[in-house]
Amino acid sequence: RMCPLGWLGVASLCLGTLWAVPAQERRKAEKPKADLTLYENLDLDNYDLTLDNYGEILDLSNYEELYDYGDLAPKIEVGTLAPRPRDPKTLPDLGETTAGTPKLQPPSGAGPVPPAPIPGQALPSCRLCLCLGTSVYCDDADLEHIPALPPDTAYLYARFNRIGAVRAGDFRGLEKLKRIDLSSNSISWADADAFRLLPSLQELLLPENRLTALPELPRSIVRLDARLNRIPSAGLRPEAFRDLKQLQFLHLSDNQLDFIPVPLPESLRSLHLQNNNIRTMHEDTFCDSQDHGQIRRALEDIRLDGNPINLSLFPNAFFCLPRLPTGRF
Ligand SMILES: *[C@@H]1O[C@H](CO)[C@@H](O)[C@H](O)[C@H]1NC(C)=O
C-alpha cells in the first residue's frame, strides 16, 4: 500500500508532464513565418529561428565568421536580448517602460525587457525597438515604416514587420550603416536613393518581400539577399552589378528572372539563382570565351537548379570555374 505522500508525488509528476507538453507546442507555434530555407546559407545549427533563443540568433560573432570578413572590426557581441550590465548604474529600470513597448518581449517568459538607455538619444525608435550600442533591433514589432534611427546606427534588424516601402529619406545621413535586415516584410517599393547613398552599407537583406524591382546599390555592398521576391529580369537595371567591386554574395533565388544578370563582378563568390525562369544563357556569362587560360577562383557557388535551363547545352560556359554550377545537365 502506497502512502498518501507517494501518490502526491506521482500525481504531481503527471501534472508536470501535462503542463510541459503544451508549453513546447506553444513555442513551436510561435515560430516566425519564415521557414528555414530562408536562411539556407547560414549555419542552421546555430540559427534556429524561434525567438526563444533570440540571444543565439544575434550572436554576431558566429554570423560574421560565415562570411569571412576578417578585417571588418570591431565585432559586436550580443549575448542575450537583455545585456548583462557591467555597471550596476546602467541596470534598466523594469517598472518604467513596459507600458509603451508591447512587442519586444521574447515569448519564453523571460519578463519585460525595456530598451537599453542610450544617453542623449531618446529617439522614439529606441523605446519601440531595442538599441544596443550601434545595433537597433526592431524584429516583430508591427512596424509599417522604417523607424527614425540614431545617427550612429551600424546594424538595423527590422525583420518580421509590415513595412511596405522604403523611402529615400528613411536612412538619410546614416553614414555608419553596415547592415540592413528587412527580411519578411511587405516591401513592394524602394526609392532609387533609399540605399544608394549609404557609404558603409555592406549587407542588404530583403528576402521574403514583394519587390518587383531591385533597388540601386552602393559600391560598398558585399552581400545582397533579395530571395523570395517577385523580381523579373526587367526589374534589374542593365549591368546592375558591374561596378559593385566588393560584391561577394548575390542571392536572387525564388524570383521571376529570365536571364542570368551580366556582367558579374570578379569579386563574386556565391550566385544563387535557383527557382527562377532562366531558360538559356550566353557562353560568356561566367568565363571569357576568348581567354582560355582564365581561372575564376572566387566564383565557387553557383545555383541554377529549379530553372528550365539545360546546362548540357553550354559545354564551353564553365571552363574557368572551380566547380560546375548546380542545376540540370
Ligand atoms: C539536356 O540536353 C542534353 C543534350 O541535348 C540531353 O542529352 C539531356 O538529356 C538533356 N537533359 C535534360 C535534363 O533535359
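Note: Cβ is positioned from N, Cα and C throughout, glycine not excepted.
Listed in TrEMBL:
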- 1-20: signal peptide (SIGNAL)
- 79-116: region 'Disordered' (REGION)
- 125-155: domain 'LRRNT' (DOMAIN)
Let me know the model's mean pLDDT on the domain 'LRRNT' (125-155).
91
Can you break down the domain 'LRRNT' (125-155) into helix, strand and coil residue counts using DSSP?
4 helix, 7 strand, 20 coil
